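Written out below as structure tokens is the structure these notes cover.
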Amino acid sequence: MKICVIPGDGIGVEICAEAVRVIDALKDIHGLKIEYEYGLLGGAAYDQTGRPLPVETLRLADEANAILLGAVGGPKWDKLPAESRPERGLLGIRKYLGLNANLRPIKVYPELANASTLRPEVVSGLDMMIVRELTGDIYFGQPRGIRTSGFERVGYNTMEYSESEIALIAEMAFRIARQRSGKVMSVDKMNVLECMQLWRDVVTKVGERFPDVTLDHMLVDNAAMQLVKNPKQFDVLLTGNMFGDILSDEAAMLTGSIGMLPSASLNVEDKGMYEPCHGSAPDIAGQGVANPLGMILSAAMMFRYSLGRPDMADAIESAVQTVLTNGARTRDIFQAGDRLVSTSEMGGLVEAALRRIS
């Protein structure tokens, strides 16, 4: 197996190192044959090559079974032309690899229920999956741009979805729901957007092929409210690209820290890019205080969805649970009575727990 490791920008370098450390432990314990190739993306790629997505990185990603990504972006590159910004590199590699589905599990560990800004009884036991379409919608629709009209500038973007794009992501959501509670909530804005009217129609038709799965629909503004009012009503939440971008970050804070959350971006062949939900956090980069658990749990998702080793995923997740139960916390999830640890210390504790339980 070959993994393309892309540390990226900011804290991505630190947290990627801890994920590799955990994978190395699994290699040592179980004799796994895994090779690493390191690539550049985002601001780091621009600084070294003048491009946010070098051709060499695409080659490495093509040859790998999976891609492990730290984080991309930062204010250092905000004034670059749009086509040179780090985020364009991220969108580009997603499009190149055909990563049409983003999976974001939202899980509240019992030990962290008090870390949420919501009451513990509202979030305790929360375990949901957000399934977000990743290659269509307003982020990729054409035409787009800024033009001059009369005496002022006008910015414009195009929200667009094809039936096939919607059907593809809907099918994935229904398949995942079959392995969980059998419930899908599709989020749209069909009351004002024709694009979302098509979304609801196609999702409904796909749902007819899954009679064992219950499908409901909800407008995005109501969904945003319900996520903080009663999040445990959701199991699989199906969304388009832009709405999913917003709702997944909102849902992330239900857990107490976005640093806890992994994600997977998959294509139809289950090749995936795995990254934590948080950004590059340049304000804390290099200080050793970043939470690596979202990155480590992303590696667990990699074993589950792309490498065909759900047993390795289970082992990593059990090790993380053990470390949290024992009271270790990075700064973002630290509360009185906990044991404060650094980025590398947290990675070391997960590695040690993994070796004990394997």
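Any Cβ shown, glycine's included, is placed from N, Cα and C.
In Swiss-Prot, the substrate site is described by Arg94, Arg104, Asp221, and among Arg59, Arg132, Arg144, Arg200 the residue recorded at this site is Arg132. Apart from the site residues Asp221, Asp245, Asp249, the chain places the Cβ of Val220, Ala224, Met242, Phe243, Gly244, Ile246, Leu247, Ser248, Glu250 no farther than 8 Å from the centroid of the site's Cβ atoms, the recorded Mg(2+) location. Taking the C-alpha positions, the distance from Ala285 (NAD(+) binding site) to Arg104 (substrate binding site) comes to 24 Å.
All protein chains shown were included, and the count of other CB atoms within 10 Å of the CB of Arg94 (substrate binding site) stands at 19. If you take the Cα of Asp245 (Mg(2+) binding site) and the Cα of Gly74 (NAD(+) binding site), they are about 18 angstrom apart, rounded to a whole number.
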